[in-house]
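Shown next, in structure tokens, is the structure this report addresses.
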């Protein structure tokens, strides 16, 4: 017979009492009333916050956007095919955030910061909210450093500074993405982190951009955030904010960043789709009333912070697509009013073989001139004026039969200047090479050449300067001024090369 020891039993009971942990877990839950088209209607979730993440029984995550009296409208971050009517949903108590780290450089990710390039997981210990407040007025300083795009037309006449928002706007197939990707390629060796956000693009187009970056060695300082045309509207809407959160992470670590949103028209369309399905009242062009706020809160995050916050910056180049050149549509006018200037790409110029097809007359940079280097200001001052006068004369010359000599000379000069601004894709130019090109054109050295010879001569002149007069490049890069010595070197090089070129052309 087993003897029962009272002391042993009391010890076991005491131990169990000490171990007892009365933990009350309160979970805010609800049930699915209806699901479809990327939207779910939930009954319950009484204490859910606007923008809070909710989790469905089968694992799908959603965002609570509409808080109504009898139900909650949730947008799904996935296809939601396994969600059933009547299944449970619980509030997570969190709002959308993503992991951030240096390890994201060189990777292709989706709007949830998950890698989609098949190269394994990305390690990150820090998190950042997708929606962060933009720096306030006191936290900013005015733009003063240049961000070189490598495109002569932009760097000379529509300069961009670090911390600026410059819109790239134009019809489809006018080279908007090409301008943006060339700008990223030109940041090589400039210590600038680039984020390229593709929203609603064809997967083949995104793959092509990524391949270009890899071939040109740009992927090592670039992050690509991609949500293609077949992605849920919620993820297309979130992608720009994910890109902005990653760029901000580097900006607040005193790094210069450049972010490209390609394009915000598609994000607005995704947001319109979500809003209409949530039965929010439609406004102009069926967009919801807060579509301006959608873009303003995104673009205001690009800034040049004050020196108290470090020497970082975040430059944004949003892209907007127009229909038949109509810049007075709702989304284009909204984004034009938010940004610090716009680069307008014209389908007519593109079809005429002028590429990049930048319409210099209506393109403007409101703050960039403060950031332009002195050397560029010195040589590019009269370029815009001469091109504007040429465009006016060209339109007039179509109706006039006999033109005087001065007008003919001005037309000839304008045609050669326009030829100088042509640049093939993925071939950005350094600042000193741009200065050489503009100076040669505006000072009439090309007037004696045929239009077809201009490009060839300029290429040879750049090579001649690089090999025989390297001190020219040293002067420009060290002083940032087009000094008398630099001008003398350039004039000498032009004369030497012109003699050589004319001899070659004669033989």
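A Cβ is built for glycine as well, from the same backbone N, Cα and C atoms used for every other residue.
Taken straight from Swiss-Prot:
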BINDING   170, 171, 172, 173, 174, 175, 176, 177  ATP binding site
SITE      363  site 'Required for activity'
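A distance of 14 Å separates the Cα atom of residue 363 (site 'Required for activity') from that of residue 176 (ATP binding site). Of all the binding-site residues listed here (174, 177), it is 177 whose C-beta has the fewest other C-beta atoms within 10 angstroms. Minimal Cβ crowding within 10 Å, among the binding-site residues 172, 176, is found at 172. Ranking the binding-site residues 170, 175 by the number of CB atoms within 10 A of their own CB puts 170 at the top. For the recorded positions given as 173, 363, the lowest number of other CB atoms within 10 Å of the residue's CB is seen at 173. The DSSP secondary structure for residue 170 (ATP binding site) is strand.
Listed in sequence order, the residues 321, 345, 347, 350, 357 complete the 8 Å Cβ shell around the ATP site centroid, once 170, 171, 172, 173, 174, 175, 176, 177 themselves are left out.
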